[in-house]
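Undergrad: I have a structure I would like to understand better, so I am pasting it below and will then ask my questions one at a time.
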Amino acid sequence: MEINWASGVEPRNGITASAGCRKPWKERTSSTRLTDTSEIGEIIMDDSPESDDSPMAPPLTRRLSSTSRAQENMKKFFTSASRTISNAVQRNHEELKDSEDLIEEEIPILAELGPAALFRYHLNDWLQIVLVILLWLLCFLVPPFQRHVGEKNFATPELRYPFKSNTIPFQAVPVIAVFVPLVVIVGIFIKRRNFRDLHHALLGLLTAVALTALITDAVKVGIGRPRPHFYARCFGGTLAQPNYDPVTGNVICVATAKEMKEAYKSFPSGHTSWTFAGLSYLAMYMAGKLSIFDRKGHSWKVLPIIVVMLCATFVGVTRIDDYWHHWTDVCTGASIGTLTAYFCYRQHFRSLFDDLPHSTYDYIPVGSVPRATQIKSKRSVSAPPENSSFDNSSYDKTSYDVEQGRVTDSFDHK
């Protein structure tokens, strides 16, 4: 393509189309233009290398191309900047809103005010336990539903087992469900010196047992299922002569009302639910401290957990052997206790499959940081510094949860 340089447009390198006389580039004025519009169209529309950024392309073509790209880049820049600013403003607005909602829930530093600050923060949770215990005591004042028991109910031996005393008395149940886990938790506290862990462990344990007791006895009163030794308790023995109401066909028992009140409380098993609530909670607590799912293949860590659960299972088996409960009563009681324990444990402690299964949740902020800031943080307050490495051996020495109520906050750096 050739351009008519006589039209006044400066050639490349200042060389004219005539005898090769040179014309300074700076002498070009704004009046410079192309007279042939068809040639201008050819220059602009030509997509050959010489019509764009090629060194052989005319200056006007290079100028038009660079101007177009600059406009596109500026447009993209301002669009991206506008979007970034808009997102930043929206995030800032949400964070301010969360901070305003939770600013009143800031927690004082335990190191300054002592462990009592943690107790005051969870005061409502402790009062809830007291309320649940009061409701549980009210269940003893309500007579159970007296299900109709007639002659047809004794056609099978389901209700005609002999009356036996309890292998594990009721007074031993709180010892197994509460005192044994309490001893283990306090022992771990003495070794770890982690007050927040102790507080949350006790709060979760007592909540689990209290809720299990309330649920169990409320269901007992509502269903009123006869125990397997109902016949012997009602008539005085398995060989005693039964007596029935001639109108309703219901049994007429010779036992006292107090004795018969217990005869209608078979479902679910209270011994089993209590025991599974306390010991299942203890098993999960120990599993977290031992990090049994740390993907290191140490099977010995599972042994203490199995022993604890076998003890709970033994209590349930004795309830069937003593003819105080049907097997369905025991299975239901075990389910109630285990599920309640799991629910209460996860209120305060991380999942057993978490990278830090032994630590509590980080909803207590460091200093006076609002909970909104702490909740949005993906890193736990109880996690160690970035430049530290640890394993179970270092945790055994120092309890590597970094938190407000601990006695020492040192780490084993490797």
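Heads up, the Cβ atoms here are built off N, Cα and C, so glycines get one too.
All annotation found in TrEMBL is predicted automatically rather than curated by experts.
Here the structure is a predicted model, which means the values were calculated and not measured.
Found this in TrEMBL, in case it helps:
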{"type": "REGION", "residues": "1-68", "note": "region 'Disordered'"}
{"type": "COMPBIAS", "residues": "44-53", "note": "compositional bias 'Acidic residues'"}
{"type": "TRANSMEM", "residues": "126-145", "note": "transmembrane segment"}
{"type": "TRANSMEM", "residues": "168-190", "note": "transmembrane segment"}
{"type": "TRANSMEM", "residues": "202-223", "note": "transmembrane segment"}
{"type": "DOMAIN", "residues": "203-345", "note": "domain 'Phosphatidic acid phosphatase type 2/haloperoxidase'"}
{"type": "TRANSMEM", "residues": "271-288", "note": "transmembrane segment"}
{"type": "TRANSMEM", "residues": "300-320", "note": "transmembrane segment"}
{"type": "TRANSMEM", "residues": "326-345", "note": "transmembrane segment"}
{"type": "REGION", "residues": "375-414", "note": "region 'Disordered'"}
{"type": "COMPBIAS", "residues": "385-397", "note": "compositional bias 'Polar residues'"}
{"type": "COMPBIAS", "residues": "398-414", "note": "compositional bias 'Basic and acidic residues'"}
Undergrad: Which bits of the chain, at least 6 residues beyond where the transmembrane segment (326-345) starts or stops, bring a Cβ under 8 A of a Cβ in it?
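TA: For the transmembrane segment (326-345), the list is 158, 204-205, 207-208, 211-212, 215-216, 225, 228, 266-278, 280-281, 284-285, 312-313, 316-317, 319-320.
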Undergrad: Average the pLDDT scores across the domain 'Phosphatidic acid phosphatase type 2/haloperoxidase' (203-345) and report the rounded value.
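TA: Summing pLDDT over the domain 'Phosphatidic acid phosphatase type 2/haloperoxidase' (203-345) and dividing by its length gives 92.
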Undergrad: Could you check if the transmembrane segment (126-145) is in contact with the transmembrane segment (202-223), meaning 3+ Cβ pairs under 8 Å among residue pairs at least 6 apart in sequence?
TA: yes
Undergrad: In the same chain, which residue numbers or ranges, 6 or more beyond the ends of the transmembrane segment (168-190), come under 8 angstroms Cβ to Cβ?
TA: 197-198, 201-202, 205-206, 209, 270-271, 274-275, 277-279, 281-282, 285-286, 289, 311, 315, 318
Undergrad: Mind checking which residues of the chain, 6+ beyond the ends of the transmembrane segment (271-288), have their Cβ under 8 Å from one of its Cβ atoms?
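TA: For the transmembrane segment (271-288), the far contacts come to 166, 168, 170, 173-174, 176-178, 180-181, 184-185, 201, 204-205, 208-209, 211-213, 215-216, 301, 304-305, 308-309, 311-312, 315-316, 318-319, 324-325, 329-330, 333-334, 336-338, 340-342, 344-345, 349-350, 352, 357-358.
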Undergrad: What parts of the chain pack near the transmembrane segment (202-223), using Cβ distances under 8 Å and only residues at least 6 beyond its ends?
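TA: For the transmembrane segment (202-223), the sequence-distant neighbours (Cβ-Cβ under 8 Å, at least 6 residues beyond its ends) are 122, 125-126, 128-129, 132-133, 135-136, 139-140, 142-145, 147, 177-178, 181-182, 185, 265-270, 273-274, 276-278, 281-282, 285, 333, 336-337, 340-341, 343-345, 347-349.
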